[in-house]
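Enquirer: According to TrEMBL, the protein has these features:
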type: BINDING; residues: Gln39, Phe40, Arg41, Glu42, Lys43, Asn74, Ser112, Lys141; note: 4-amino-2-methyl-5-(diphosphooxymethyl)pyrimidine binding site
type: BINDING; residues: Asp94; note: Mg(2+) binding site
type: DOMAIN; residues: 11-193; note: domain 'Thiamine phosphate synthase/TenI'
Amino acid sequence: MRIQRAQLRKYFIMGSQDCTRSPEEILLEAAKAGITAFQFREKGPGSLSGSAKLELGKKLRKICSEYGILFIINNDVELIEPLQADGIHVGQQDERTDTIRARFPDTIIGLSVTNIEEASRPSMACADYVGAGPVYRTATKIDAKEPVGTAWIRELRAFLPEMPMVAIGGITPDNARLSLDAGADGVAVVSAITKSGNIRETVARL
Ligand code: TZP
């Protein structure tokens, strides 16, 4: 078992492009407030690359180590070793899960799924958890698919009874309970935390 379901309970995703203040400050507040996992996702307009991405990644990685929080890198296989990432998260169009698994036998692999067909593909065999959604409409991901709703989370849970699963997309403290009740092990959020005026309270309510 590379991941335990409880580690997905409060899964925070962030890149510098999501922040209007210091990403380190935001992550530190979220870490102190009790997030269980963090995904470093530099993606889309305004995101960092190259050494700037690596340097920020190192700082965020350090915070996760200090607070015992899983550190997952979004899609960037070449950063797994330099950042000593616990895991990598990929989408359906990203790096293949079997290729990653062959190179990194112990690394957690997360895979995004948005319908049952994707959840049936061979790539699932190398996934340790799934990110399921978008549950609701989201302004954070430009190319997000149509919302699937919590009824689909319930359907996916019935299809994958044992798979660690985190619900994502438009999740807030007010609606998180519905995804958990539908069978998700946890909720993954970007803006609920990056745009929060009180991260401690937001994470507690999630
Ligand atoms: N993948 C599916 S929706 C999404 C990602 C990365 C963005 C979620 O952002 P928010 O702000 O929590 O809706």
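Placed from the backbone N, Cα and C atoms, the Cβ positions cover glycine too.
Automated prediction, rather than curation, is the source of TrEMBL annotations.
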Enquirer: In whole Å, how far is Asp94 (Mg(2+) binding site) from Glu42 (4-amino-2-methyl-5-(diphosphooxymethyl)pyrimidine binding site) when you measure between their Cα atoms?
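Expert: On Cα coordinates alone, these residues lie 14 Å apart.
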Enquirer: Looking only at Gln39, Phe40, Arg41, Glu42, Lys43, Asn74, Ser112, Lys141, the residues listed as binding 4-amino-2-methyl-5-(diphosphooxymethyl)pyrimidine, what is the longest Cα to Cα distance in Å?
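Expert: Between the outermost Cα atoms of Gln39, Phe40, Arg41, Glu42, Lys43, Asn74, Ser112, Lys141, the distance is 16 Å.
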Enquirer: Please identify, from the binding-site residues Glu42, Asp94, the residue with the sparsest Cβ neighbourhood, meaning fewest other Cβ atoms within 10 angstroms.
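Expert: Comparing Cβ neighbour counts within 10 Å for the binding-site residues Glu42, Asp94 gives Asp94.
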Enquirer: Restricting attention to the domain 'Thiamine phosphate synthase/TenI' (11-193), give the mean pLDDT.
Expert: 97
Enquirer: What count of other C-beta atoms do you get within 10 angstroms of the C-beta of Asn74 (4-amino-2-methyl-5-(diphosphooxymethyl)pyrimidine binding site), across all chains shown?
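Expert: Asn74 (4-amino-2-methyl-5-(diphosphooxymethyl)pyrimidine binding site): 19 neighbouring Cβ atoms within 10 Å.
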Enquirer: Which of these binding-site residues has the least crowded Cβ, counting other Cβ atoms within 10 Å: Gln39, Ser112?
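Expert: Relative to the other binding-site residues in Gln39, Ser112, Ser112 has the fewest Cβ atoms within 10 Å.
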Enquirer: Return the members of Glu42, Asn74, Lys141 (the binding-site residues) with CB less than 6 angstroms from at least one atom of ligand 1, or none.
Expert: Lys141
Enquirer: How many whole Å apart are the CA atoms of Asn74 (4-amino-2-methyl-5-(diphosphooxymethyl)pyrimidine binding site) and Asp94 (Mg(2+) binding site)?
Expert: 10
